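Chemist: According to Swiss-Prot, the feature ATP binding site maps to Gly321, Pro322, Asn323, Met324, Gly325, Gly326, Lys327, Thr328. Annotation source Swiss-Prot lists domain 'Smr' at 681-756.
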Amino acid sequence: MDYLESLDFPKVVEIVKKYALSDLGRKHLDTLKPTVNPWDELELVEELLNYFARWGEPPIKGLNDISQEVERVKSGSALEPWELLRVSVFLEGCDILKKDFEKREYSRLKETFSRLSSFRDFVEEVNRCIEQDGEISDRASPRLREIRTEKKRLASEIKRKADDFVRTHSQILQEQMYVYRDGRYLFPVKASMRNAVRGIVHHLSSSGATVFLEPDEFVELNNRVRLLEEEERLEISRILRQLTNILLSRLNDLERNVELIARFDSLYARVKFAREFNGTVVKPSSRIRLVNARHPLIPKERVVPINLELPPNKRGFIITGPNMGGKTVTVKTVGLFTALMMSGFPLPCDEGTELKVFPKIMADIGEEQSIEQSLSTFSSHMKKIVEIVKNADSDSLVILDELGSGTDPVEGAALAVAIIEDLLEKGATIFVTTHLTPVKVFAMNHPLLLNASMEFDPETLSPTYRVLVGVPGGSHAFQIAEKLGLDKRIIENARSRLSREEMELEGLIRSLHEKISLLEEEKRKLQKEREEYMKLREKYEEDYKKLRRMKIEEFDKELRELNDYIRKVKKELDQAIHVAKTGSVDEMREAVKTIEKEKKDLEQKRIEEATEEEIKPGDHVKMEGGTSVGKVVEVKSGTALVDFGFLRLKVPVSKLKKAKKEEKEESSAVSYRPSSFRTEIDIRGMTVEEAEPVVKKFIDDLMMNGISKGYIIHGKGTGKLASGVWEILRKDKRVVSFRFGTPSEGGTGVTVVEVKV
């Protein structure tokens, strides 16, 4: 039985095929089926995803489907010029792709596509022999050049003679012209003047008034032209055969290249699918856990992500709830994602998703239409279930939709429980949907099973499509009836007809749903608080950036003034030295006076500074000419280490003065100093836009704390976030280098950045 079809596997493959470059990739995708060892395919997909994130699309020049051309080569046919051009472009593309992968750091891609064979000699020969429009070039062979040269010379001679003939025989011609038909030059002679010239009549006009005549003097020339044309055709055929034989002599290499490009195109399509659907590569694991799994056949704007986890000590889920509530989509997604992962496909879900390998995936998917189904429908489902039960074992994943429906509810429930028990005894992992109460009760009491339900909003009388784990689903019949206005007396009468056990179960389920609703409300409140916190954090970071820019501008001004003063003194010293070497005594005296004056000014400055209060650790100070207030950390050898909050500077004591009280207070109101600092940040879940200010602040903090290396955790996923982070780092001049982490550092889920300190 083709269980994959019931899980929508072929439909998803059709979606992926739309992203392939050619039929080669599309055919390869059709060959992908679940296997117990999908590691090779998954690792290649993951590496190509990372390639896209870092380098963009790989070079894909001319990677078209040349299967028909290869078959013609195998059959012994000589390829036509346009076919040889297609093969040449394809093989040139193979060479470009191989060289590109050789210089990248992706070992699996490099190893796999290193087997592409180079056909450089063939490509060069085709480029030499065939023009881009498909015409055979004169360069193809010396003989072809000779033939064409002779043809041109002969054509020139014939044209000259034809022009002379028209001029000298104008009286017998219907028109002053000649035509070229079937490889011969003919003249339109008046029928009445037919015998005025010796020659062969080839055509007669429809009116009979004109004959198209080949004069005897042109017959030999035309024959020579026809002979040259035949020689040209034979020479071209020889050249095409020679080029085709190069391919025939390396047929195995050619076929291997086609197979490898088919595989590459298939990988390319899967990666494009992953990027379009925000997918990720899920490797085989020992558990089943879906994190925001999105069924690819449901439109993006309507799909509700599925979150589901089967603990290691459990072997199955019993999912209950009203029809059309999403039960079927949930269990199909588990089976579909398992089959896709085992076939080497990325999955539209978030990181953290885990799936097991099952050598057997079996499913019976029903139609969520009505509780009342025909006997024939029940029989067809039971036929599939019989086959599943017969083949199930500990290597099996079994998906059963609406088990027990289509017959008497009591018998159907008993049959469903018995089938579930048998599958569990055989060691199978099961995902079952039902609306039968006895099956819910059975699941609640079985140590290997978990109940789950599809959330239902009684206010809107509609499902939310969210999975509630640990809570069996109710029918909501009474709630719906009451909401729609049915008399309460009738509803109470209906309730009274339920057994005590049924009423207790209904009450328990209702109580659990109420608790879940309260928890969901708390979750929403926490989410709201988190959003408010993020807004405050963004505002704080923006304020911090403004403050830092302001401080840096102040220091830039002070440094410029200091540099100007140094340049002025240096210039005066240079002038003094020059005067000493070349000037007169008067000029030297003047230069000495200038230097003496500068010396006195500096000495006076030191005296004034010395009279001020001594600067010591703990003092609040300002730089000379500046407004930024900092705190002295230590004083050593006439130099103070001053903490300005956002950075620390070593400043000569002579360049500092104590701050006034009001300046201290202002400083304490705006100064910033991180209380603690970690050398890593986690930006998983953020968009590139959200991550940019966080990454830039992280670089600020690294530099302020004198740390040269940091770690940015962005996860693997589609690679969009990693690509965005690398673009941010590439533009930041403070960054010395960056790279993906080693396996021990987190691999491609982490970027290691080094900054200037």
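Yeah, the Cβs are placed from backbone N, Cα and C, and that goes for glycine too.
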Chemist: May I have the DSSP-based helix, strand and coil counts for the residues of the domain 'Smr' (681-756)?
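Modeler: Output for the domain 'Smr' (681-756) reads 35 helix, 19 strand, 22 coil.
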Chemist: So, in DSSP terms, is Thr328 (ATP binding site) helix, strand, or coil?
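Modeler: DSSP assigns Thr328 (ATP binding site) to helix.
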Chemist: Once near-sequence residues are set aside, which residues in the chain of Gly326 (ATP binding site), 6 or more away, have Cβ atoms under 8 Å from its Cβ?
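Modeler: Listed in sequence order, they are Val304, Met454, Pro463, Tyr465, Arg466, Val467.
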Chemist: So how many other Cβ atoms are close to Lys327 (ATP binding site), meaning within 10 Å of its Cβ?
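Modeler: A count of 29.
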Chemist: If you draw a 10 Å sphere on the Cβ of Gly325 (ATP binding site), how many other Cβ atoms land inside?
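Modeler: Its Cβ has 25 other Cβ atoms within 10 Å.
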Chemist: Averaged over the whole of the domain 'Smr' (681-756), what is the pLDDT?
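Modeler: That region's mean pLDDT is 86.
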Chemist: Please classify the secondary structure at Gly321 (ATP binding site) using three-state DSSP.
Modeler: coil
Chemist: Using a 10 Å cut-off, grab the number of neighbouring Cβ atoms around the Cβ of Gly321 (ATP binding site), all chains included.
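Modeler: Its Cβ has 27 other Cβ atoms within 10 Å.
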